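**Q** Among the features that Swiss-Prot reports, [4Fe-4S] cluster 1 binding site is placed at 20, 73, 76, 79. The [4Fe-4S] cluster 2 binding site annotation in Swiss-Prot covers 220, 275, 462, 466.
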């Protein structure tokens, strides 16, 4: 028997969307002076909430607040997309401030030969601070600013906060700020090309474990968490390409550590994302230096992304330092310092920003890019789009000039629609009778499922996509109510209008800018504004300067998460668990 943890059971719980199956454990109290004189047993009793002690122990009626660590989340199969409820205390704006005040930051300077070197390494607590920011975060903050503030201008305001004198660098114990603030769009463009090659068998695909068709997007951590914990049969379908957050983290950690000759843990990477579940993604063992450590330099479990904060937490970060975020200048604070490698610098800080294409949606455009890649390979082909039961389910077909179907794909956003998707992918149960038909075959004949005919499905947990992520600023947040002068609590109509503002900000690139991406040249062949050849050359250069195989840098893996809750454990395992909790979880 194990108690089920829910909001009703705890007065300090943070209201998750689903019940967590971790049992509420109460650690044994420290023995008093009289008890300490008595022989001690090696047995300990874990008292579940609502249960009475089986021994003669007494309770004073007060129990410490229940705590659930990130380790608990990764070890059980209870929660799906409510990771924010248990991760706020582990990755937050307070952690950013704590690290910034821990020691003077490492500095990258030029030696007498003009080569980049790091100063300040004599202090073991010193870090080199670098941040990456998602376009959805910039869109959310731009909408909160109002006054036709663009996504790019909101990005400059974030740079002012993270690295400018009017922000974090203007105060604190050591006056530390972030050395670089990069745009995850550059990593996203690499992910788009890698994902298309994975689906269509293009030149960059080098993975040994190609996913099973239909290939499903894996850049949404809420969706991946749900699949690993509740529907492991879909794991062979998940794309092996890292998410933009993960790829950017690997790029920054590997390049800076290998080129500058410092340990990966001396580089501290902050990601600013629209989703609380990105905190969970950053904590995956597969996304640490254990996955890419090579060449006699084994990994030690150092995260590629050390901390994730959301769009909301950017405002909290500014407020905690007494900075009015909305009063920051809407221009770049300073020119970004030169990255230690010139080719990587050109990739991270392109001369021109590529405008977001509306046809690509608000979640990065994975499906749109793949379809454009298919169209580029078949002259005269065209797209046929069919809307599903709601706006978050759309099916696409690429038809040849003769009307023959060349490629089929779909988009599934929102948890309810995802449930329908995984239900269609569920394999039929084998019959226990010799020669009998598999269970479910009468209801779902083989080959009749439209979803199984798709080559690719773009899956996102949030309805409407990533601009509607759980970490985004919402219309009923006090900052929006104040800035919008709402007389009463916003309703569904205001929520819809607010989401439209965020989406509009996401697509608010300069109309005069060409649809070009990092390093694109007019002479290069472009797909959805991206040059695949330039991306491939950049990735090859990255692997070369770090001495790490490209497969280890750009691909990841997934595994079924099996719950141990309710299963018998040995005394040794129980003591180890208790010791871990007494020591603080992490």
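Yeah, the Cβs are placed from backbone N, Cα and C, and that goes for glycine too.
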**Q** List, in sequence order, the residues of the same chain other than 220, 275, 462, 466 whose Cβ lies within 8 Å of the centroid of the Cβ atoms of the recorded [4Fe-4S] cluster 2 site.
**A** 136, 221, 222, 274, 277, 363, 460, 461, 465, 468, 469, 470
**Q** With an 8 Å cut-off on Cβ-Cβ distance and a minimum sequence separation of at least 6, pull the same-chain contacts of residue 220 ([4Fe-4S] cluster 2 binding site), or say none.
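**A** Listed in sequence order: 243, 275, 277, 363, 459, 460, 461, 462, 466.
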**Q** Go through 275, 462, 466, our binding-site residues, and report the one whose Cβ sees the most other Cβ atoms within 10 Å.
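**A** Counting Cβ neighbours within 10 Å, the top one is 275.
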**Q** Sort residue 466 ([4Fe-4S] cluster 2 binding site) into helix, strand or coil using the DSSP assignment.
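**A** Going by the DSSP assignment, residue 466 ([4Fe-4S] cluster 2 binding site) falls within a helical segment, counted as helix.
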